[in-house]
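Have a look at the structure below, then the notes.
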Amino acid sequence: MQGLLSLLRKLRTAPEKELRLLLLGLDNAGKTTILKMLASEDITNVTPTAGFNIKSVNSEGFKLNVWDIGGQRKIRPYWKNYFENTDVLIYVVDSADKKRLEETGIELYELLSDDKLQDVPLLVYANKQDIPESLSASELAQTLGLPTIKDRSWQIQACTAIQGVGVREGMEWVCKNIKKK
Amino acid sequence: MNFSFWWIVTYYFRSAVKWFLRKTTGLCELQRICYGEIRGPQRTHAIERSLSLSKHKHIQQLILQLNDISGKEEFLGSQKKQVLHDAVRAVLLAKQINPRIHRQFVINMGQCIEHIWGYKQLISEVERLRTTQYDCDNIEHETQLYNLWRMLKPDEELEGRITKQWQNIGFQGEDPKTDFRGMGLLGLENLVFFATFYCSAAQHVLTHSYHPQHGYCFAIVGINLTSLAWTLLKEGCAKSYVYNNIENEISLKMFHHFYCYLFYEFDRFWMECRPKDIMEFSNIKSKFEYNIRNYLKDPNNDFRIGVTVHNI
């Protein structure tokens, strides 16, 4: 059934390019809020993600299939099941959660060293900029060691997902990056 | 085609049909419903529909007033009695019904109004709790969180407020406070009610959540089910559940009972599906939601948690 569906999809003349975006990050980083923001849905009733959510959004001539996978420790071992055919990796960080910066850094580097995610462009959302004690995007980039990444294009984007600030700018980078390819 | 035909009939010819029936039976639509439909969801639904379609100015005003009172959560206690009395009087006057001849109508209409606006008030009450964020500086919130632990894990002491033990009852990390998110205090109160009122059922479900293959995170799934219960309430799908409870006053407790029913049934459905792992959650939850929505459509269905559970 699955095979037939994908065959049919390939046969259909695609008017727009489909992209697979993977949203990852620790629990409570704001992945589902960003996903709902992209789909223009109500963000006031977000619940912790058990498993994953998926939504398709049209943006700048692309059909973006966004996969939002739960971030809690118990679910992280399943992340790798969703790596295949990923076009862009979006990593969300709670910039105010200083206690877990190390943890989020370790998880990110584990992702970047995976073969299936080789050469996949990386967008990091430095979320929750509205909280006064949060790290700025450049501080976060330094802390996570992003400037040392040489094997792929990457970008860090400051955002406040609950207000919708910065989310679109990040997606513009995603679409621009794909067009260049 | 069928739908549009009936839409035209109800929209354009409703008044004509109503006029005809009024002349032949000598009763207005509200009376015909109150005498013709059996007590419960069918009657309340029909009254609600009739009132909402009414073109009578006084009835429309009455609806606005009752909406306002229930929205402010003032449809309570002695005030509720007075409001009900006044509301029924307004209907009697508007429809020129003699209360001495139609005593049963007065009683039935009062019950329907109580149910319709009790439900609307419940939505406001639930919404107020949902939008109250969990606050770890609020002693009442913290006490409820500790109560949840005590009810679910009576034999295990918490080592501290911030501890990995919270994961044993299905929270994501060391501090549950960030897990309530958009469901706020409602998510916590739902869980506490389930663990307290249906103690053995909650223990039964918690045991399932530890299953080596089909296990899941009890609290997180619980909070997602709060979201489902809230959605069904807000959209009006839970009306058949609430209107069926004719013996009980509509209160927050009723919403908690509805939630417990959903949690218990979800757990049963989940175990029946034999999922490979937690990643099947959204899929199975969608199927469950579809089934529940269908089940709620039939007002004759029973929504009690399985009787056997109480004795486990």
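Yeah, the Cβs are placed from backbone N, Cα and C, and that goes for glycine too.
Taken from TrEMBL, the feature GTP binding site applies to A:G25, A:L26, A:D27, A:N28, A:A29, A:G30, A:K31, A:T32, A:G71, A:N127, A:K128, A:Q129, A:D130. Per TrEMBL, Mg(2+) binding site is recorded for A:T32, A:T49.
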Select from the binding-site residues A:A29, A:K31, A:D130: which have any Cβ-Cβ contact with chain B shorter than 8 Å?
none
Nonlocal neighbours by CB distance (under 8 Å) for A:K128 (GTP binding site), same chain, sequence gap 6 or more
A:G30, A:D94, A:S95, A:A96, A:D97, A:S134, A:T160, A:A161
Collapsed DSSP category at A:G25 (GTP binding site):
coil
Mind giving me a neighbour count for A:K31 (GTP binding site)? Other Cβ atoms within 10 Å of its Cβ, every protein chain shown.
29
Taking the Cα of A:T49 (Mg(2+) binding site) as the centre, which of the binding-site residues listed as A:G25, A:D27, A:A29 lie within 10 Å of it?
A:D27
Just counting, how many other CB atoms are there within 10 A of the CB of A:T32 (Mg(2+) binding site)?
25
Cα-Cα distance linking A:G71 (GTP binding site) and A:T32 (Mg(2+) binding site), given in Å to the nearest integer:
10
